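Q: Below is the structure I would like to discuss, written out as structure tokens.
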Amino acid sequence: MEPIASPLPARPSALLRRSALPRRRLLSSAQRGSPSQPCAASALSLRRRRRTKPSLFPARFSSSSSSQSDSLGPASPPPPPTPLPPPPPREGAKPLPLVISLAVGLTVCFLVPRPAEVTPQAWQLLAIFLSTITGLVLSPLPIGAWAFLCLTASVATKTLTFSAAFDAFENEVIWLIVISFFFARGFVKTGLGDRIATYFVKWLGKSTLGLSYGLTISEVFIAPAMPSTTARAGGVFLPIIQSLSLSAGSKPRDGSAGRLGSYLVMSQFQSSSNSSALFLTAAAQNLLCLKLAEELGISIASPWVSWFEAASLPAIASLLISPYILYKIFPPEIKDTPDAPALATKKLEQMGAMTRNEWVMICTMVVAVSLWVFGDALGISSVVAAMFGLSILLLFGVLNWDDCLSEKSAWDTLAWFAIVVGMAEQLTNLGIVTWISTSVGNFLLPFSLSWPASFCILQASYFFIHYLFASQTGHVGALYSAFLAMHLAAGVPGVLATLALGYNTSLFGALTHYSSGQAAVYFGAGYLELPDVFRMGFISALTNVLIWGVVGTFWWKFLGLY
């Protein structure tokens, strides 16, 4: 029987008693910790705590809350603050270098009086060229980008026609330099350079000094067919030096760096400049020097042979003396390395027999170097010989076209090299170089200097001014033509001046940690301290000046260069 609903409303006191009864039951069950019923009190207290306003003062906990937190376990520490993401790299030009580079050109163009014998077009091109060179030193933009901006300025101001501005992109020497980057990539990709250097370590590596000579001699063998000092440093020799140093407990950026690694890196770094000076095709800047000399009317017959013949005796003398001098003034802690030949032997075993690609690389380089040496007699230019060698590497799959496309340094060099060389050619055509040489000759005339004295002063100035440059090729593009013109104005024999400036261009690559591409590679390995780089660079520079000055003077006289 269903209950009859009362027509009268329930009293409030009765309703409160009814609603309080289940609440008391819930509270009593929650205090007993019964798992079978939901903890309404806990939920209610959580809601109340969420509604609690934050206080500026620390809260005082009661014993009940303390016991509750103890039952929940120790409080977890607050999460560490999330680090802010690094700011994005700055895009666009650097303001201060940009202002300085533009100011140089604008000052020359509008504030410096133009000499009467110089045409307005030539003076305007000189202003753009000086702004270009200032940008190469200060780098408001990457070198290629800055060169393109200056090229655009020369065309937009009608200083040069479009065809004249891009004329140097047809230059054979520039394309020879580009192809040399691809040859260097072939040496690294096949592992041939690594194999050759490892053999010399095996044969000569029983002592630290012998190890240094082994690495130096191996670079001499590789250099004429691997025309990139930077590629030789980063792709061949630095990995070998790092492996040998770590096996001897010599670690970079550590107190143990001086055990072995510091000496080997420094010795190889300083010796690489002489290896680059020994062969015409050992470094890209060597080829550019001869091209710029041709613009001034100095042509050298059989350039590869002539370059090597004049450089051979002083360069070999430096290569034999430099590692020993560094061994005495920058000595390693470890004098003997009996484990190095065993390590080299093990590495050669791991490398296995020579691969097909290595044999193709050897044959290609033998053909290319032979054509560079005897090409004049056969009517084959150096760039055609290089193109023939690259074609062989592509046909046999040693390199593929993607390898060539990914060689960014080659295409970047093509861009800015061609622009700088093109401007230098137009300055010669417009008479600026002739005006400079005449002005220098008139300036030196009152001093009554003999040409040997002028030769020494100009060569030393050209060498040590490289402290202001971070690129050997940039230095050549900026100053080689001007200094060669000064030599000619002072009466220095043309071939002697051309070759001596070219040799210095390779030798000053070891002055500082920023003086060349290989300098950045070796310094970045972490085995050299910055003061040591400057100190040893200056001492080695004086050593090279002394050796090349004394030995070269007698040798070049014997060859009839003066």
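A Cβ is built for glycine as well, from the same backbone N, Cα and C atoms used for every other residue.
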Q: According to TrEMBL, which of these ranges is transmembrane segment: 95-113, 209-227?
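A: Matching range for transmembrane segment: 95-113.
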Q: Please determine whether the transmembrane segment (380-401) and the transmembrane segment (95-113) are in contact (criterion: at least three Cβ-Cβ distances under 8 Å, sequence separation 6 or more).
A: no
Q: Can you work out which residues elsewhere in the same chain, 6+ from the ends of the transmembrane segment (482-503), have a Cβ less than 8 Å from its Cβ atoms?
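A: Same-chain contacts beyond the flanks: 277, 285-286, 289-290, 292-293, 296-298, 300, 306-307, 310-311, 314-315, 433-434, 436-438, 440-441, 444, 449, 451, 454-455, 458-459, 461-462, 548, 552, 556, 561-562.
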